[in-house]
Amino acid sequence: MNVQPIASHFIDGQYVEDTAGIPLPVIYPATGETIATLHCATPAIVDRALAAAARAQVAWAAMTGTERGRILRRAADIMRDRNHDLSVLETMDTGKPYQETSVADATSGADALEYFGGLAGSLTGEHIPLPGGDWAYTIREPLGVCVGIGAWNYPTQIACWKTAPALACGNAMVFKPSETTPLCALKVAEILTEAGAPPGLINVVQGAGEVGAQLVTDARVAKVSLTGSVPTGKKVYAAAAEGMKHVTMELGGKSPLIVFDDADLDDAVGGAILGNFYSSGQVCSNGTRVFVQRGILEAFLQRLTERLQTAVIGDPMDPETNFGPMVSEAQLRIALDYIAKGVDEGARLVTGGMRIDKPGAWITPAVFADVTDDMAIAREEIFGPVMCVLDFDTEDEALTRANATEFGLAAGVFTCDLARAHRVAAGFQAGTCYINSYNDAPVEMPFGGSKLSGVGRENSKAAIEHYSQLKSVYVRMGRVEAPF
Ligand SMILES: NC(=O)C1=CN([C@@H]2O[C@H](COP(=O)(O)OP(=O)(O)OC[C@H]3O[C@@H](n4cnc5c(N)ncnc54)[C@H](O)[C@@H]3O)[C@@H](O)[C@H]2O)C=CC1
């Protein structure tokens, strides 16, 4: 498969190249090979994309929601039809196994396009009766030009989760994928254009932080939605505040997963595997602090170790493979450094955590036991396949320790006691919680974090609030009574 795109950027309905930009090699993480070379956007490219978006947005906003929605739903159908090719490309971009990308990336992107396409026609204001026969009404208006900035772990999904609600509400989008995974967002723009999105409505420009910063500070931009780390989020939030722009921040986490000793052991182990090793651990909402009640601890570790031996680590394109490489050599280094630190800190490495001796960014899934709350591996986001198991005695203790973090993205609980499950969910300081499950992200459910993990919500009806604003119109039915 030739993954070199026609050109680096997608602007005003077509592919655009500017070789004056810094070269951007795309590395296949499974082999370390360079599979394409793109160019970062020059200031002229950024300007062109923003100008196209500003122009296209006006006519798009004048269409009815039903008309806009029809185009989004058509794009969803095209995306589903091309799921195989899009999944292969996502695997090349990220290294994630095809077994995952074929069910979790373009499919989730298509879900978002379909969901917000369906919602678009129902977006309205409201009528508000007031004293004396006066009344007011509200008009739900788009924000204007939105900028989306993506992380590298879910390039197709992130592009769709931001673009679908933005377009449904009548906005235009300029999207900058992560410089590590620049390929898939171009396909999203191509498909939307094929589905009927007018030129300029969806634009993709490549580049690293400098290009992102240029987009965020441009006066034509009304809203910025970032998926990335907390340090980047702080910078982008501050830059957006200068122009009083709307923001959505989907940032990092160090989420807790509490397993009580009455939990179904295999379900709890399954949840911990999904919450730590899916996408080689490179998932923002991962439950990397697994609190296991002392009575079930040894059984949990034993079952977990047994099941990890059955992981199929190998060629990501092989449909049998269920654990691929990490996204890059740099990200692998970060994970290996944390593993060394965990050993130094006195945690017990139960299994995995070894670099696999072959080209590419390969590591075996790691589990630490005897982890304590103060260790760096239990406090800092690693963003790799490193699970920390901590033991506890009481519900109060587990909840207090689970919440003792600056992050608040996700949290999960495994128990067969229904009342306890809901009590613990109510007590979690996190935006996205799970009972007897982990890491599900259906488009119908709000997704996002509290505390340092972010502001705003993606997906669901809640996202509409973050891509539109209300105009209030007061209507006086009688005479105007002025004091003089
Ligand atoms: N909450 C969520 O939904 C998700 C959060 N993440 C988080 O993303 C992080 C991993 O992704 P990375 O790509 O390494 O994050 P990152 O923070 O390094 O980069 C994210 C994006 O921001 C851009 N960027 C960097 N500096 C910028 C600046 N000054 N102005 C504008 N844009 C800038 C980058 O080019 C990239 O496109 C993890 O912390 C992870 O938890 C990842 C996926 C989902």
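Here the Cβ of each residue, glycine as well, is placed from N, Cα and C on the backbone.
Residues or ranges marked as active site by TrEMBL: Glu250. Around Glu250 (active site), the same-chain residues six or more apart in sequence whose CB sits under 8 Å from its CB are Ser225, Leu226, Thr227, Gly228, Cys284, Phe447, Gly448, Gly449, Gly454, Gly456, Glu458, listed in sequence order. In the three-state DSSP scheme, Glu250 (active site) falls into the strand class.
The domain 'Aldehyde dehydrogenase' annotation in TrEMBL covers 23-473.
The average pLDDT computed over the domain 'Aldehyde dehydrogenase' (23-473) stands at 98.
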